[in-house]
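What follows is a short report on a single structure.
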Amino acid sequence: MMSLNHLTMAEALAGLRAGEFTATELTEAHLRAVEATRGLNIFITETADIALRQAKAADERYAAGTALPMDGLPIAVKDLFCTEGVLTTAASHILDGFKPPYESSVTANLWRDGAVMLGKVNLDEFAMGSANITSYYGPVISPWSKGRRVQRDAAPAGSGVLSEVAEAFRQPQPVTEWEWERRLVPGGSSGGSAAAVAARVAMAATGTDTGGSIRQPASFVGIVGLKPTYGRCSRWGIVAFASSLDQAGPMTRTVRDAAIMLRSMAGFDPKDSTSADVPVPDYEKAITGDIRGLRVGIPREYRVDGMPAEIDRLWQQGVEWLKAAGAVPVEISLPHTKYALPAYYIVAPAEASSNLARYDGVRFGLRVEGKDLKEMYENTRGEGFGREVRRRILIGTYVLSAGYYDAYYLKAQKVRARIAEDFTKAWEQCDVILTPTAPNTAFGIGEKMDDPIAMYLNDVFTVPANLAGLPGLSVPAGLAANGLPLGLQLVGRPFDEATLIRTAAVLEQAAGPQPLPPVHA
């Protein structure tokens, strides 16, 4: 029998309903996986007690015939979602010790539907990054990194005669550590979520996507990442980065699992003024395999200079897969695409600088004392925020300042409107758009740390959908010559995640089963 932590969500639900195993057994298998992969630095907070309590409740519901849509499925939660009574850090020193007195709407929806929380996973600090290297708790290591487990004796060496005598009778205390040939990034900012799902530590994970933070890491580790339409999932209780861009979504191993999880995550929330009051369909029913006549837009502007030939070939292969299934490729133009990244890196830091003004050391989190209130603010923010967060606060404050507001922020918002118009016109010609997810495969930890512009370019294909508020999905499509995963991205009409899911399932079927990463539980 397949290891329980290697089952998909759909397979696990079938097994639970058939009584082949219990939710407690499924959860215990995943808790062992959490322990076995600690060397990847995936989790900030593990919640084994909560998980086992939730699993026991799920077993009782299965026994009573009242099982819920996600009953007993162990998942990981990106540590940007507030969880009542459980440490929530946003991977930042400034939120030290913060345990929210409330639950985010998205996680509340998941617990309502029976999901089991394994813990809170690592991310780039305040979701600002594309590699999961800006976390106060250290970088997440991709399960696609090359390394090996080694056993070492954990006992400290003493000195003196008594220590030598004790050493002679001591039992060895082996601990497992990792030796790495090359540590790769898992992408970001939802790198912990991506690594947890790819390494078979969690069946699925929540992510957030502001400029590609679900889709790009999904591409880097070979899983499915779905950013819904802005407003589809509530933002209430999610630590804010850029409020007009942030959107929660599922990260899973299959398209069907993403459909199952999105149905539980989504829904109107009166506590979020940007939440859309639109029906949530049964996304699993969209997976029909029938895309005959579907018009697939191929934007000519996405053929960027310097894009590796193998990514271009994979893109063309994706077109052929859809064409073979009866879809109709259509070349389209999104003329303002080249302005998307610079506009994003004005709008997002501007909103971040405003959102992060609330962290002052007064009511919660870190406080570094000073001789007066002003110095306490300065000390707390200076010590509490990491380098990348400070950089984006400075950029945001600059572009919002009186002398530069019109030249930068106002102009960026006008460009954003043009980008949205480009997509609106494109929908007259096509039903869905196909592009690469990222311009490269995963790179080594530390390789781009000193070049923020090179790091920002990781989001070149994903940012436009955020600026336009559109749904986007990354589906694994194969391996590059270097043996690392590559993804293809689908972008859809507002609130038409169903068509994305239907189309992605066809790509998934054509690409075939994807290999396990070298490091997995």
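Every residue, even glycine, has its Cβ placed from backbone N, Cα and C.
What Swiss-Prot says about this protein:
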type     : residues : note
ACT_SITE : LYS78    : active site, charge relay system
ACT_SITE : SER189   : active site, charge relay system
ACT_SITE : SER213   : active site, acyl-ester intermediate
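Feature map: annotations from Swiss-Prot on the structure.
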{"residue": "LYS78", "record": "active site, charge relay system", "Cβ neighbours (10 Å)": "32"}
{"residue": "SER189", "record": "active site, charge relay system", "Cβ neighbours (10 Å)": "35"}
{"residue": "SER213", "record": "active site, acyl-ester intermediate", "Cβ neighbours (10 Å)": "37"}
Key: DSSP three-state assignment for LYS78 (active site, charge relay system)   = strand
Key: Residue pair SER213 (active site, acyl-ester intermediate), LYS78 (active site, charge relay system) - Cα distance, angstrom, rounded   = 11
Query = What kind of secondary structure is SER189 (active site, charge relay system) part of, going by DSSP in three states?
reply = coil
Note = For LYS78 (active site, charge relay system) and SER189 (active site, charge relay system), the CA-to-CA distance in whole Å is 10
